[in-house]
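Here TrEMBL flags 1-56 as region 'Disordered'. Taken from TrEMBL, the feature compositional bias 'Pro residues' applies to 16-25. Per TrEMBL, active site, nucleophile is recorded for D120. Positions annotated as substrate binding site by TrEMBL: Y176. Taken from TrEMBL, the feature domain 'Pseudouridine synthase I TruA alpha/beta' covers 322-426.
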Amino acid sequence: MDESVATTTSPSSSSLPPPPPLPPPEEPEPKKLKMSTTTSDDETTNTDPNSIDRKPRYKRRKIAIFLAYCGVGYQGMQKNPGAKTIEADLEEALFQSGGIPEPDRGNPKRFDWARSARTDKGVSAVGQVVSGRFYVDPPGFIDRLNSHLPDQIRVFGFKRVTNSFSSKKFCDRRRYVYLIPVFALDSSAHPDRESVLASLGSENELSKCLECPDRGRKVLGVMGKRKIIESKTLEVDGIDVVAQTETTETESGFVLNNDGTENENVELESKDSGVELLVETGGSEEVGSGLVKNSNGDGKAGKKSVFSYGEKEKEKFNRILSRYVGTHNFHNFTTRTKAEDPAAKRFIISFDANTVVNVEGVDFVKCEVVGQSFMLHQIRKMVGLAVAVMRTGAPESLIDVALQKDVNFTAPTAPEVGLYLDECFFTSYNQKWKDTHEEISMKDYAEEAEDFKMKQIYPHIGSTELKEGSVGIWLHSLNHRNYPDLNYLEANKVSKNGLAEETAAVPSVPVESVA
């Protein structure tokens, strides 16, 4: 037994063949670097750690980017296929500057994209904030980013934030500014054509607006027939004779002779020359903005009473705007949002208009509204209804009616050109992370933002009003005929306090922020 074991367990080692040689170890392929400041991604990378040509390796950083833009020519902030948007240009600039890799291009979810506010078409911004994960380590990131953006979009800088940060979710409130021309609050400035024609021949005759691009247009179905008697001095056999011609003005604005035919030589406006005939008002004629020509024939130019945004007007307008403050149902101040939708409830923190600024020779009232969040067209409709109440004589309680959940109300929409996003606030975030992260605010970029506003946004607002008269044209339509709901209180037998006679006021209750 012992011998057999010895025989099987101790063979001669020299009788076994030598083991085959092992293959040489294969070196792993170098990983493809995400970004490089010297070579492109498809170029060969030197893996020698001591080589000076080795491509650096960068990490993505979660950051908040501060920027401003002038909204002219853009279809709003949010990216929309087929439309020219701020986000589309900004995303492309981030890719061109190396902040976004090729695989993530066109896919915002890959780099955790978020925006603080979704501004509408034509709306500008001074303190917009966006967030995401980008490659920002190479020096000069902001300069490279701005080099790929048009002049009307400017990035001020960025700050590191927590991994969970979202510029939309962590934004506590937003402040918007709407610049409304001072003349928009004057009921006699830029009156609608219907009111001008209806006032002819009365003691309260209105002067025709001479500065609007749509001047000279006829208005159908506005007024009834009106007798027009013209006196002409004719010389008959050497004797001056005064002859009178009676004509009738129809609803269409044309003038009829005594036989019922149209008189092509007499019109309220001269369509051949493109210049309106002056309408006498209180012994004078309006010849320009704020100037009148005396009717006594002395040819001297006098100054008519000019509307100003004084203390009385300021107090009234601020009182009107203050009715929006608090939590209300704003379903009448947006589109596609039903009264039952929780998103219709919004909290307005403040709304005032205390400052007048002069832009391109035009005085504007600076309306500042601060709220948790806003819906599509909400601010423009809030301003539109407030201006309508200010200049048309509608009761201030009309705003309270428009804010009721069970009322369907059509509010006027002010032009978009005067609106811009002024600043976004992150109070809770800054308080929570003040010991470990930088404060997210515009304090460090205040001078740059003010400079951009004065060079890009304000000149655009002023020049647009001067060239296109957007607010002036809008005011021509701001009347009870185009907006019948301005007569809502009277038509629905609602008392002056804004409540139906058989109903009681429903107090509003603050709610949490709605994104």
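One is the number of the first residue shown, and numbering goes on along the chain from there.
Backbone N, Cα and C define each Cβ position, glycine as well.
Annotations in TrEMBL come from automatic prediction, not curation.
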DSSP helix/strand/coil residue counts for the domain 'Pseudouridine synthase I TruA alpha/beta' (322-426): 32 helix, 36 strand, 37 coil
Cβ neighbour count within 10 Å of D120 (active site, nucleophile): 20
Under 8 Å by Cβ from the residue listed as 'substrate binding site', same chain, sequence gap 6 or more: E368, V369, F374, I379, L419, Y420, L421, D422
